[in-house]
Amino acid sequence: MTTHEPRTVRAPRGPHKTAKGWIQEAAKRMLMNNLDPEVAEHPESLVVYGGRGKAARNWEAFDHIVATLDRLENDETLLVQSGKPVAVLRTHEWAPRVLIANSNLVPHWANWETFDKLDQAGLMMYGQMTAGSWIYIGTQGILQGTYETFAGAAQKHFGGSLKGTITVTAGLGGMGGAQPLAVKLAGGVSITIEIDPTRIRKRLETRYLDEVADNLQDAIARAEGYKAQGVARSIGVQGNAAELVPQLVEMNWTPDLLTDQTSAHDPMWGYIPPVNADEDAGKLRSEHAEEYRQRAYAAMAAHVRAMLELQKRGAVTFDYGNNLRQRAFEAGVEDAFSYPGFVPAFIRDSFCEGRGPFRWVALSGDPQDIYATDKALLELFPEDERLQSWLTYAADQIAFQGLPARICWLGYKERDRAAKLFNDMVKDGRVKAPIVIGRDHLDAGSVASPYRETEAMKDGSDAVSDWPLLNFGVGIASGASWMSFHHGGGVGLGFSQHSGLVIVADGTDEAAKKLSRALTNDPGMGVIRHADAGYDHALDVARERGIDLPSLGIKDHA
């Protein structure tokens with residue numbers, strides 16, 4: 001196709017490639033999989049998730065990327081600048097086949113206003129995290145991490161289970177859509193507010209949401225009934241969180257657990273303010289942009305004020321990394337940061353172990369390949385109770401979106417073992433085609449985000465972004481198949497920088513070497529980052545597992 005028009009995209013399946021190597025073929029299939037209608041939020045606009053997180057800058061750029069990947073040699077590297085292929089360079093076979101940089105701006109200009117001007121001029125693209133790095137796998141991609149968060153809340157506040165509790169949250173997009181099922185897995189009842197009825201339907205169809213209430217009062221009545229019965233159940237309700245959460249205050253009804261995962265990171269294209277019955281939010285945004293922005297900020301302020309009041313009344317309240325607190329603070333809510341972020345509250349100990357999201361995709365397109373890897377991992381890590389529980393549940397309950405895929409959380413000296421296993425399975429034919437291995441940018445050592453992953457670091461190094469740059473370099477030096485460096489994922493422009501790694505297990509001996517190196521060093525950066533910040537748990541892991549940290553007097557004993 002040469003007209004560069006929107007069209008339905010679906011990744012090729014099977015053991016035969018049209019590119020010159022499996023890495024190039026994998027990159028092409030994963031780019032296309034990001035835009036599969038089962039996967040992407042708005043594929044016709046190249047938007048994958050997270051407000052306007054895109055896979056390619058425009059359809060012309062998409063076509064050029066696909067064509068270039070098909071002709072790319074095994075010792076060449078494609079450079080992609082904010083979703084546009086800009087060069088092919090001769091490198092070497094251990095170099096990444098693709099290097100991606102998305103949304104990066106010099107710090108003084110790292111804001112939405114500058115980005116929007118460049119975006120409108122066709123010069124930039126917002127890549128979110130895994131949208132522009134071609135490793136998004138649908139809502140499952142965040143599900144176990146979301147479960148880890150709610151399980152952490154259960155452990156800290158509710159005796160280890162959310163049974164007999166009600167969680168209220170908002171947002172059923174690509175990220176937030178994991179919340180209802182995650183709360184259910186942790187044993188609880190949830191009410192999730194979502195303004196877009198198509199997103200509600202999508203979560204029902206993919207079994208991430210159980211049922212939809214007629215209104216907020218109906219949702220509360222249903223939730224109270226399930227809570228009394230000790231039943232885990234998820235309820236959706238259509239509405240605007242900036243209106244419904246304050247209604248909870250007015251109704252004098254307080255949930256047990258409260259958070260939010262609307263797209264507050266992007267005030268213009270993510271968070272939708274309340275509008276009058278005779279108004280259209282999209283039209284208001286396009287015709288009266290400044291009024292829309294002001295309304296969005298006012299709505300976020302009202303939303304957070306209500307959350308703060310519910311916190312005072314006893315709701316365990318946390319921020320889910322969408323920068324809602326910062327937006328409310330900018331709108332005049334001085335105590336917006338009175339409730340914590342989810343990472344310091346529940347996840348940091350895992351990061352100290354280099355433990356984070358590890359995902360893989362079957363390029364064959366055959367679900368049986370994923371089920372085979374599930375079984376193999378259960379045998380490889382019999383002592384990991386969380387992994388055993390998760391993979392057993394996932395194999396039975398999780399609906400695939402696009403190419404069959406799986407995610408689990410693994411740490412330092414675990415991811416490399418899993419990758420070796422997968423490569424052996426490709427080599428001996430236990431799976432029908434190569435396997436792509438990647439992760440979210442939300443990981444132990446790959447991101448600087450002071451209101452999310454690096455919030456409240458022990459040594460005050462929240463905003464130091466040397467670490468994701470080092471992570472990016474380490475992946476390149478260690479044999480990754482493609483690497484990405486992005487700005488603004490999760491919390492919006494000006495508030496984060498982060499790196500992504502993807503590597504292909506194609507069954508070859510060379511792949512085995514790359515997998516071992518890359519998937520040891522990448523999670524190792526998480527241990528290193530937290531050990532350097534002074535976390536005792538990370539220091540213990542570094543000593544026990546043999547990481548050479550010269551400034552801390554720890555040497556590799558492996």
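Going from the start of the chain as shown, residues are counted 1 onward.
The backbone N, Cα and C atoms fix where each Cβ goes, and this holds for glycine too.
Copied over from Swiss-Prot, here are the features:
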- C408: active site (ACT_SITE)
- 50-51, Q128, 174-176, E194, R199, 240-241, 261-265, 271-272, Y320, G490: NAD(+) binding site (BINDING)
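A coil conformation is recorded for Y271 (NAD(+) binding site) in the three-state DSSP classification, outside any helix or strand. Counting every protein chain shown, the number of other Cβ atoms lying within 10 Å of the Cβ of E194 (NAD(+) binding site) is 27. Sparsest Cβ environment among the recorded positions A241, C408 (other Cβ atoms counted within 10 Å): C408. For S263 (NAD(+) binding site), the same-chain residues lying six or more positions away in sequence with a CB closer than 8 A to its CB are G50, G51, G171, G173, W269, G270, Y271, N322. On the backbone, the CA of G490 (NAD(+) binding site) and the CA of C408 (active site) stand 20 Å apart.
Note: G174 (NAD(+) binding site) has non-local neighbours E41, V48, Y49, G50, Y136, G138, T139, I142, i.e. same-chain residues 6+ apart with C-beta under 8 A of its own C-beta. By the criterion of other Cβ atoms within 10 Å of the residue's own Cβ, the least surrounded of the binding-site residues G50, G490 is G490. The DSSP secondary structure for E194 (NAD(+) binding site) is strand.
In the three-state DSSP scheme, G490 (NAD(+) binding site) is classed as coil.
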